Amino acid sequence: MVATGIDPGDDSFSRSLSRCSTVHDSTPPEQKSVSNWVEIDDSDDPQRWPQSEKLKVMIATIGFCILVSGASSSFAVGVSSMVDDLHTSTELGSTALAIFVIGFAIAPMFFAGASEELGRTPMYAITFTIYGAMFLPIGLCSSITGIIISRFIQGLAGSSGSTMVAGTISDLYGSHERGIYMSFFALSTMSSTGITPMVYSFVPLKTSLSVAGSSGQGGWRWIQIIQCIVTACYGIVMVLFLKETRINVIMKKKARRMRKETGDTTIKAHAEVFKPTKKELLQQSLFRPMQYLTQEPIVIAFSFFIGYAWAIFYSFIASITHVFLTLYEDNYGMNQGTVGYVYASIVVGSVFGFLFNYFFQEKFFFQRFNKSRPVEARLGGAMASGIIFPIGAFIYAFTLYPHVHPAGPCVGLTVILTGMFSIYLSSMSYLADCYQANASSALAAIALIRNLTGGVVILVIRQWYDGMGFVWAGLLISLLAVVFATVPIALFFFGKQLRMRSKFAQEIAKMLEDERLAVKQEQFSENPVEIDRRTSIQQVELSRSSSSTIDVNLDTRETYNDNSNYKSDTDKDSQHVQHIFIEIDDKDDPMRWPKYKKMRIAIAAIGFSVFVSASTATFAQGLYQLVTDLDTTTELANVAQGIFVVAFAFPPMLLAGLSEEYGRSKIFLVSYALYTLLHLPIALSTNITGVILGRLFQGLAASTGSTLTAGTIADIYTGYHRALWMSIFAASSPLATGVAPVVYSYVPSNYALHFKGSSGVGGWRWIQIIQMIVAFVWGIVLCLWFRETRVNVIMKKKARRMRKETGDHSLQAEAEQYRMSKHQMFRNSFLRPLKFLLTEPIVAVMSMFIGFAWAVFFSLQASISHVFLTLYSDNYAMTHGSVGFVFIAIIVGTVIGFVFNLYFQEKWFYDKFYPRYSVEARLGSSMVSGIVFPIGAFIYAFTTYSFVHWIAPCIAITVIMAGIFPIYYSSMNYLSECYGTTASSALASIAMVRNLTGGCIQFVILQWLDGLGDRFQYALLMIAVMATALAVIPIALFLFGSRIRQRSTYAQAISANESATVAEKD
């Protein structure tokens, strides 16, 4: 059945159009006038299906959700059994529990967009299969590493069990009947996390399963195997009941079937013609949630509120067994099995929350306030539950005593979950009403924060409870809950004002007002026009998506000094005041400053970078003493080591833009002061949590040492001198990483510092204290030598000074009139690097290459002491002090790489190949070093034997570093020339990946080296093989990079601008 042409008033066309979030006409011009449109029958529209068909789909999908939610909590029941069975640490057991939830945070931002375009059913089928299959490697694995990896993959796949179910409900039911099914969906999510631990709690006690490499206490494995069997059986239900519910996918399939049956190629479904581009799908599913999360006050506030609530929820899942066994095992005979019944509190609380939300929120509060506060009326349940939640937390905190019956804290848990469920559901409804058609982006942003906080808190909750004590930890939870309870109350009274400042919410409000007027006019019209609410909302979405397609043009205009993207501080009175722009003198322009002055600034800034790089390496020298002194695990010590580098990943994307607008000197000096002072709490800490937090904040502050130093050099130098100082800056980081351990290697062995709560083996603390003293001395140099180098900031200060001296308010600096808006600044410094990383092939492959190289660099830094002491402490009497001299290999390798890059790349290769290969001539040393790097890795792998002299692996480290430095430096130059004035975004995305991989590798490198066996050779051989595989990247870019750049919108804009500049000069 086909219909010729398009009838805009036809309901089938409206529904087909409205189900596509962003549309573009992709029909060839010659077919536009002859397309036959497929009509939507009742059998095609899921919202018109019989109720029995809808319920089958609901059973299939919500059942998947129940299985997934159960898997996140049932694992907690067997963690202690797993730790004993695998002879691993409790911290790694918690990591295996948490990584599943973290996987939930990442995948939905990709699955949602894919399912809306490709269909729900294929995504369900693939992810359900992967999710179910992953139970086997988890249940049969003999190492904690394999379990963590499998749990992460299972979390990624299982996330569709919560992400897409809400979309499926939206496909099946209209807005007037969707609410009750969404409530059941939310109830199934939370209650199943309580039901499954009750079911599986006795399994580890009653069963055993031995696997090679384990102790035989493998009852926890049966939990995974039973879940695998249950999932396989439920797969039959999925196959029988699940049907495609995306109407655009259904219509495309129908159109293809009709074309095949009739041979008429003009038959089309609207979804085949009006469909989103891949770029827009990516923008809506990934970029827009990030935009909401950083620009929308309502979303930001709720992300904190719900993120905290979810963190508490998962903290209970992870800690109930530990808390109740510790308190009640002796007095009440509670064991691993009976503690499972405590999880019934979660089920009861979820049911109470469901009923409370239905009767109080929907039946009373919303009806009462719907007319006066139509959107904020959704917050009644959240406001009431914001009070219920902390009440339950206080009950829980003050009943955590051995002499109080276990029913006491169970009542507290029930009250907490009652409040939490209602907070979650009413908050989601509020956001849906606030943002209407854009609500999926707002909810995706909240889901990201919710699952990330839930996953991260699992990692530390047990140490937190033990460190603070159960009562005090519970009290802190209660007090924070009281603070966050103000969020829904504030939004109820001031939410309308906040929404008036939101561009997205304003568009929705305008659409609703237009619809209301249209409906009112319809009542008095002789020919009323039917208004479709979904189509109206779609117009808002279309207008936003059409504007998003010119993002690149906006970036390009801003890049090439078009003032259209800048806002004027003087626009309001520009028609009445004639502004006089002050001139730039030689003393105002940092590039014209005297040579000695610029040199002092560069030395001061690079000195900060040297101290920061040294901090990443010297901490490793005292790692073993820290473990002994604080009586902690090697895994947590590695977290303290790696968290410093991980903290480098994100602040630069914020600080770079702020420093360019507000000046470098203030941010530089404040961050240096924080970095210096944070050595003290690290040195004086009596527990590993304090050390980790100190290192985290120190890394956040220290990140400016690398971020702003490069910008400072760019402010004061050009041409050859800039390249020279940039080379020195780039070399300073690995050089300091080698020099510092040599200097500090004997400190932990020869000195001790005792604190209450430690063992007295505190020589590692002196490293921090000495570093703080040296950094303080250099801080004096920094204050004396460092000056503001941003010319726009200098000129604004000069203009303010002149206005104050003369009283002439017409005096202006040009930077005061044309300055970048905060929105544009944020987009350039934060969103555009993410866009580069996801859409630019050159940036993506280079991030893999440099990220791997940096991971190897930091793995060497973190593992040299462990490897050399293990191999050579007997044969060569190597100690913690003497092993420091091995780091000289890093220094020598960096110097060789620096000289090689200077003479081979800059003096010969670039000049010889630039005429033929243009920008790709920057890749010469990367190609050669891409071969040198794996050669060094193979040498290192085959010389790490105790019978081989220790000089041999030192030579290998030298060769590796001689390869890593040219790879890093020449790759940075290549990206700079590829992307011109937008290169900072490309380099920021590379830096983010580089620091994340470099930091995270330090969490696991020691376990990885020991776990693969045969005295490190297998692990090192794997590194060498991976280095060989990645060595093809610079070679491929050298040969085909120009073709790839031709497909890049940014690179094309740079090329066009350069051509226009040349033509203008001619």
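Using N, Cα and C of the backbone, Cβ positions are placed for all residues, glycine too.
Sequence annotations record features per position, and here TrEMBL assigns region 'Disordered' to 1-34.
Feature annotation from TrEMBL assigns compositional bias 'Polar residues' to 14-34.
The feature domain 'Major facilitator superfamily (MFS) profile' is assigned by TrEMBL to 56-499 (among others).
The transmembrane segment annotation in TrEMBL covers 57-80 (among others).
Residues or ranges marked as transmembrane segment in TrEMBL: 124-149 (among others).
The annotation transmembrane segment is assigned in TrEMBL to 180-202 (among others).
The transmembrane segment annotation in TrEMBL covers 222-242 (among others).
The feature transmembrane segment is assigned by TrEMBL to 443-465 (among others). For the transmembrane segment (443-465), the residues of the chain that approach it from at least six positions outside its boundaries are 90-91, 94-95, 97-102, 104-105, 108-109, 112, 163, 166, 285, 289-290, 292-293, 299, 302-304, 306-308, 310-315, 317-319, 322-323, 427-428, 431-432, 473, 636, 688-689, judged by C-beta separation under 8 angstroms.
Per TrEMBL, the feature transmembrane segment maps to 471-494 (among others).
Per TrEMBL, domain 'Major facilitator superfamily (MFS) profile' is recorded for 600-1045 (among others).
Sequence annotations record features per position, and here TrEMBL assigns transmembrane segment to 636-655 (among others).
Here TrEMBL flags 667-684 (among others) as transmembrane segment.
Taken from TrEMBL, the feature transmembrane segment covers 696-717 (among others).
With a threshold of 8 Å between CB atoms, the same-chain residues lying at least 6 positions outside the transmembrane segment (923-942) that come near it are 849, 853, 856, 897, 900-901, 904-905, 909-910, 913, 952-953, 955-967, 969-971, 974, 1016-1017, 1020-1021, 1023-1025, 1027-1028, 1030-1035, 1037-1038, 1041. The feature transmembrane segment is assigned by TrEMBL to 923-942 (among others).
According to TrEMBL, the feature transmembrane segment maps to 948-969 (among others).
Per TrEMBL, the feature transmembrane segment maps to 981-1006 (among others). For the transmembrane segment (981-1006), the list of distant contacts is 145, 555, 559-560, 634-635, 638-639, 641-650, 652-653, 656, 706-707, 828-829, 832-837, 840, 842-843, 846-848, 850-852, 854-855, 857-859, 861-863, 866, 971-972, 975, 1050, 1054: same-chain residues at least six beyond its ends, Cβ to Cβ under 8 Å.
Contact count against the transmembrane segment (696-717) (Cβ pairs under 8 Å) is highest for 636-655, out of 57-80, 124-149, 180-202, 636-655. Confidence for the domain 'Major facilitator superfamily (MFS) profile' (56-499), expressed as mean pLDDT, is 82.
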